[in-house]
Amino acid sequence: MYPYPYLARVDPDARKGTLIYQLVAYYSNNENTSAGITYTLIAGGEERFRVDKDTGIIMTTGLPLTWNKEYVVTVEASDEYGNKSPYASISILAGSRPPQFTNMSYSVFVPENTPAGEKVAVVEAVSFQSQPLSYTLLTNPSGLFRVRQESGELSLTHPVDYESEHHLYHLLLKAVEVESTLSSVTEVMVHITDENDCSPEFQHSIYSRDNIPETIPVGTSLLQVLATDCDSGSNSEIAYFIQSTDFSITHHGVINSNQRLNFERANHMYEFVVIAVDKGHPPRTGTASVRIRMANVNDEAPVFSQSVYRTFLSEDAGPSTLVATVRAKDPDGDGLLYLITGGNEEGNFELDSQKGIIKLRRNPPPNLKGPRYTLNITAIDDNASGGPTPLSSFAEVIVGVNDINNNKPVFRECAYYSDSTWVLENQPPGTYVLQVEAYDADLGVNGEVKYGLMHRDGSSLGFSIDPDTGVITTTQSFDREKQREYTLSVTATDQAQEPLIGVCQITVLIADVNDNDPKFENSRYQYFLSEDTPVGMSFLRVAAHDNDQGVNAAVTYSMLEHQVEYFQINPSTGWVYVNCLLSQTTRISRYIVATDGGNRSSTVELMVTVTNALSQPPQWEQSRYWVTIPENTIRDTKIVTIKATSPLGDPRVTYNLEEGQVPETNMPVRFYLKPNRADGSASLLVAEPLDFETTKFFTLTVRAQNVAMTPLASFTTVCVNITDVNDNVPFFVSSNYEVSVPEGADVGTSVVQVLATDLDSGLHGEVHYLILKDASEDYQFFTIEPETGIISTHASFDREKRASYLIEIQSQDSSESARPGVHGQPNTDTAYVRIFVSDVNDNTPAFPRSVYEVSIDEDRDVGSPVVTATADDKDEGANAKLRYQITSGNVKGVFDVEPEVGTVFIAQPLDYEQEQRYELRLVASDGKWENHTLIIINVINKNDEAPVFTQNEYQGNVLEELTDLPVLVLKVSATDPDQAADQNAINYSLHGQGASSEFSINENTGEISANKRLDREKRSTWRFLVLATDESGEGLTGFADVIIEVRDVNDNEPLFLCVLDGCFMGHVPEDSPADTPVMEMTAVDLDDPKAGMNAVLTYSIIQNVQNEINLNLFSIDSVSGTIYTVLGSLDREKADKYLVVVEARDGGGLTGTGTATILVTDVNDHAPVFLQRIYTAFVSENASINTEVAVVSAVDRDEGENAMVTFSILDGDNDRKFSIETDEVNNCGFIRLRKRIDFEKPHERVFNLTVKAEDMDFFSIAHCVIYVEDSNDHAPVFYPQFYEVAALGEDALVGTKVVQVSAVDLDSGLNGRFSFHLLNKSDPGGQFSVTSDGWVMVAGLLDHETVTQYQLIVIATDMGQPPLTGSATVLVTLQDINDNGPEFEAHYNPVVWENTASPQVVQMNETSVLLYAKDRDTAANGAPFSFHLLSDFDSLTNFNLQDFHNGSALLTALRTFDREVHKVFYLPILITDSGIPPMSSTNTLTVNIGDQNDHPHSAGYMECLIYSYDGILPTTVLGQVRAPDDDDWDHKIYQFEGKTSRYFILNDNSGLLTIKEGIPPGTYNIRVRVIDGVWPDVVSTVKVTVKEIKDDGLRNAGSIRIKGITPEEFISQSPEKQSKYYQMKKLLAEIISVQVENVHIFSVLNSASPTQGVDVWFAVYGPPYYKAEKLNGNVAASRAWTVKLILDHCINVSIRGDDSVIKKLSQMDLSACEASKETVGIQSMGGLFSGHQPLQLGGVKKTLPYHDSQRRFRGFVGCIRNVIVDSKVYDLEHPAESLNSAPGCVHTDEMCQSGGMASCGVHGKCVGGWDFFRCDCSPGYAGPACEKVLPEWAFGRDSWIHYEPRSILSTHSTQIQLMVRTRISHSTLLSLASVDGNGYIRLEVVEGFFSVNFSLGDKNHSLRMRTLRINNGQWVLLTMERYNNEFTLRVNSGGGDQEVTSVLGTNRWFEMDWASIVLGNHLPNHSESDFQALLVSYTVWSQWGSSGFRKGGIYHIPEERESWEDVRENVFNYNEEGGGERDQV
């Protein structure tokens, strides 16, 4: 933000584009944005300046500028809508411009209480030369201010008082540039502002006003209060507030009424607080009390105790029954009169106008009609308190009329319901039947009816009724044919507390629907007619029955039409008669149809056999048999014997009971026939129980047939009549009846009618009723009519004696029961009837006591209960609901009663002085009857009136310093308003500060005395609260205020008060003239200034200061106390301080003295002096701007501002390279670099500066010589910076010179010498190199097809510290050489179908039959191509290739093929391009012979073995069902043969067989039909064996990894040899010595390692299962071992080949530094690595008796460490035996001893090599000697550090060390990336474990140390070491479970990208940092070299395995420490 006006400066020699000033414009409506504003230069500047249109920056155009010339530039701003700003003018000075203050002038406001030293303002200026500024005050009135020299902060030197000092100060302030001494001056106006330090004070503490009429208008002014404030301005302006809503106050303090005032309130007085608040910040307040006493006027209408009174009466209440008592009170105290003014039109109510008692009229008797009456009651006062008119108010009395439940619900239409109630059968549930209605003459709930249905418990009626509407609906669908009618008992119950019940019995008929077909009695009819039967003869009557009713059951008969109508049937009777002669036929079949009235019909067959006229059918003894049996005839009873005989031939006949279709014809079967062989008859027997109620008559047809050649039959009819027996019980329709009868009802009152139904007929079904006797004898109170079931009362009941009765009733039929177990008795049923006696209001309430007497204190609170008088009513419910009222004795309505409880409570305050005793008449009423009691209440007198003082405030005074004590000051007096109070029993007490010490009061008389000597100066006014307490101090208390003023005496001498240091201190300049005022000496006198001359002071000097001639130096004004100079000869350098003693005398002659300290202030009269004449300094040419070059110092004998020295450079710096900055505190000048200097310029190597030191008036000169030193400040620069090589052949040889680059470095010496190299990223493949003389050369093979153009970055690096670099770009474009042969354009895969006629053109792909080619070279070396088919075996005999010489060719098959002979042809085709010279290549075209189904398939066989784990086996695919076929492209269909197995799934198309989840163990043989659609089907078989492996077996499983084999190869078997699976089982059985069947190989899977192989899991059952350790141990002892020795991890090794080019080792065979040997089989193991033989290292002890001791061993020379065999680490420090070996490695240890251990310091340890040593630093230290302390770094969520090391790191090895502390469980610690981007190494925290995640270019690997969590917040040292592809993780010192090593992957080479090292995250382009911790240090190092093998070496002997990983998921590795399960991952 620049100050206004806009000023700027510019160096005259400024370059083009130098920024001078920036203008920023804002929108007028939004000062937060300037978007879219553009700036335009309008005028001025002489084209030497321009403005950036977007930013507003003014800059130079490059035209020359004139020194000290002012340029004015005018700029305009405009927005995108064309709105323009006013012009802005910027003055730009070419040269130096003085500082500019941010304001033209300053106005500062300082509060009076600001402490000294506190900042009050900051006055700032802008230095155009960007130099430091120094601020000083030029004028400083009263020395009140000081300015901070560096910042311009203004502060006070001492506090200031607004009331006693000036309010405005005018300052001049100067800002000086320290170096240029340019300065500016501004004015500062300081306003002292008043602070609010006085509180408002009221003139009186209490204001009062009496006898204010309560009728005064709202807004009347009552009194005025006044407060004052000693502040000034707004701090003294006072506003008034009032703490009362009844009053308001004006800003002048006038109090007005705010609303109608009221006499009727506590003490008839308003008391509130008024507050005075000033307008200061924060505001201050004062308070006073206001008391306004009221006078009474009749302005209040009477007030009823309730606005609505609620009461109730019984509808039969009699005359003078108490209704209610109303009560009103007049707040004015007037008498009242009560009137009924509405609601009593019928005149039922009377009101006592004085007492407010409402009763029912006496005569005539009241006639109450419900449900309620609302009476309007008016209360009128008698205006006794005086008013314009009497006042009145209103209340309502709501009288509820309680209905008496004396009417039972009645069904008026009950008799008619049964006549017309029916419902159709088959209707759905919910069908409407009938709506019943019952009437109840009662009111309210007594007349509210609910409906219900009575029924037996547990039975369903089939009907329901809506309880509210009485609508009866069905709950089921009815079948009329099963039941034709239903009897319902409907109840109507009123809702009274004791309900009455009405009952109506309704018969519901089920109406018929034609839902039944007619049914013939017999299922068929057969008859025998003689051929000579005459026409018209009726021979058979058919009968059909229809269960429907009426028309629906009217049956007509007909016969189906036929060509010959032999028979006809009578449509109504069913008689069949002969219609024509019968001689023509022997058998006639006809169908008879029965049709009902609803067109429903059925048919029956009539079969008539026509017999010869001579033939005779069997003859029946009777044509019809009649029999009668009772319905309870038991089964198998013979009821009749029938007989027929054959008259001709064989007399035997067979009997058959014709099948019936209806119950009457034995359907269902009730009878059966039994033949009697003895006499040829048959008996009819009962088959099933009979039921008269179901079927009363049976007609049975029996056929008798002879045994002739042509059998003939005849028929007879047996009629069985069923007689009824008494087998049905007369059941009650309800098992429980609940009814009610009112108490007092007459004897013979009908209670209820009960009903029982009996299905029997006649006397059997005739029901009689009786009441059973019981022990309770309830039966004697009731009678029942035996025929009707009506129960009536036999007595009159009293509910208060007994409320309910229970009787048991019995129904019985009229004959002896035929039911089993009942002998000689009728059938009976019982039910219970519960009769409730309903209450009638026939009891009067009764109080337990006739009189209640209590005593209460007169101060009991309103609302307090006094006594509870509860009456009792023997009725119940509403009849016992009582209401209480006070009807007399309640004077002034002091009491009231809870109307429903009877609790009398206080309604108005009691006053013993007005009433001492009350006799209340309390009435209890139940609405009909009432009773009363007397309540006597005695009021106990209480002291409830406080004493009242004669005045609200007493004032008195007393003289100070009195000694004749005590002395009477004043007397107070109070009286007690209580009646009979003892006025002498008032005790007085005084309260407030000093009440019990300085002052006291006589507690009996009220005299206040002063007891101690008073000092007005300590306290001039005493305020007390005086209390008057009656009852000798034990009662109530009144209060008043007491104010006592203390009068003054002259007892204080004047005092010079000095609270702060330097308060009596004056300042006078040393050159001041005579009579200059110096200071004021002011004394104070604590006496009262209003009391005479006690505080009037006179001043004089009693001890002065004199000069050399004894003249006084100072004088004083006797009135004001101002000290003046007498002479003008003060000199600060001689004496800078004087002491003067002043005396002050008051009017009473008392004196006091004070000492004034007068300080002589300095005047500038001395020049500054340099401490040296010449200064010398050195500065480097690369020193940055503002670098301190030298320090010069000067001294000035003056002080303060006069001694402030400012330094500046006068000469010797024409280019203004230096500036000087003044340090005012130490009076020195810092010479700093202002512009960059260049040693390479001769005139900038030495500077001789002339330096000036000056104060405000004087100066002196010194010289400073500055020598410039050279530095490496020029980077090498290429000329040119871009080189282009147009055409470099891609076949250029290695070493070909491409182009020479050149560069220069302007520095001298080593700083100017440089070397070249290529940037790796520009040449990642290393195809080029650059020589020391700048030649870019070919260093590798080039390929135009891979890279067509290189953009090489050549770096030149000089030898300065630090080195600087320059770069140039070399663009190399490669020229294509014809070095690529042609190839097929697409991946052709043509098919020639077998058995197809030849020749045929071969289709190449879906879109083309032609063959095309392409070439990776450019077009010139590409098309057109020529094609030639080479002779290869029989390719030319089978195919012909025709070249079209246009880049395409056609292939033709020359013969017919058989795929089973030849599946595929590989055709070599030579393609030649058109390059110069041409290039050709041979491409192989694969031609497939397409298969046709020309071979039959055969049945296959497959065996599958599968293991389930603990019976759990998931759904698993077993494989494809085999069906061997020479064809291999067939589409087959697979189907289960026979029953489909529920445990297997077969894919129809693929033939894949799947085993389902949950299959039990066992052997399954599955047959599958295979269909190929051409050849006959075959059936293949699959044998599946499911075995179960238990959890125990899995936990004890062993594992073997077999390399170089697939799982398919492992389990496949052929006829000629066993599978490897079986061989393995045998081998394991042999190794472990168990039976083969006890070896379970249950898992064969591809191994997870990169090399091909399988992981085999197996378990061996003993029993039990062998432990995994034993299995793995036995197998390990039997396998081949590879021992590998690695030489020093192949560090620093390279091999020189024949071509003398050094190759990196990782690109070559690593066997150069490895020695390995494989030992095979158990025998060799026993000789070398046996568990029973010692491990030997370095050589073999010859004396041991080895089996193969003929071997020759050579000894080893060197050092060995880290021997690990099968993951066991061997301790080499404590061998069992050693020879010519010692701990340590002498070859390397001596390097440290010769190099000196101290060379690694205290923070490192020496690590020796063969010909070197290095320092292994402790965590947190680095450097060659571990002397560098590494910093700690704290990482947050999104933080990381990126490093680029300068040293070249090894590709073989990496070592990383970090010390971290963290609590994060997942984070990245460090990440590295390879140059090619394919590899990386990341150190991570994974699940709290230390982990490395890496890829060396092959695949991702990880190694994790799972034994130790590191995210515990503690410091931990982490180390990762890599040697080739062997990784080691180590925590802290490593070893044991703190270290893990593993060889992972196959790649061993890692070339690190220098720029990829990131700490705390992934690569820098990923911003998701996830490491949050503290890191103390980290180190990444490696070794790299080109020397050959070093002497000797340290060897590591690991086991040859790909990984130490735990493969528990898919494979087990064995180690001797625990089976491999706990290996680190």
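Keep in mind that glycine also has a Cβ here, set from the backbone N, Cα and C atoms.
Disulfide annotation in TrEMBL: Cys1817 is bonded to Cys1826, selected among Cys1806, Cys1826. When Cβ distances are compared across the two stretches, the domain 'Cadherin' (102-202) makes contact with the domain 'Cadherin' (1171-1278), since 3 or more pairs at least 6 residues apart fall below 8 angstroms. Proximity of the domain 'Cadherin' (733-847) to the domain 'Cadherin' (305-411) is established through 3 or more Cβ-Cβ distances under 8 Å for residue pairs spaced 6 or more apart. Confidence in the domain 'Cadherin' (521-620), given as mean pLDDT, stands at 88.
Minimal Cβ crowding within 10 Å, among the disulfide-bonded residues Cys1817, Cys1826, is found at Cys1826. Helix, strand and coil counts under DSSP for the domain 'Cadherin' (621-732) come to 3 helix, 56 strand, 53 coil. Secondary structure of the domain 'Cadherin' (423-520) per DSSP, as helix, strand and coil residue counts: 4 helix, 43 strand, 51 coil.
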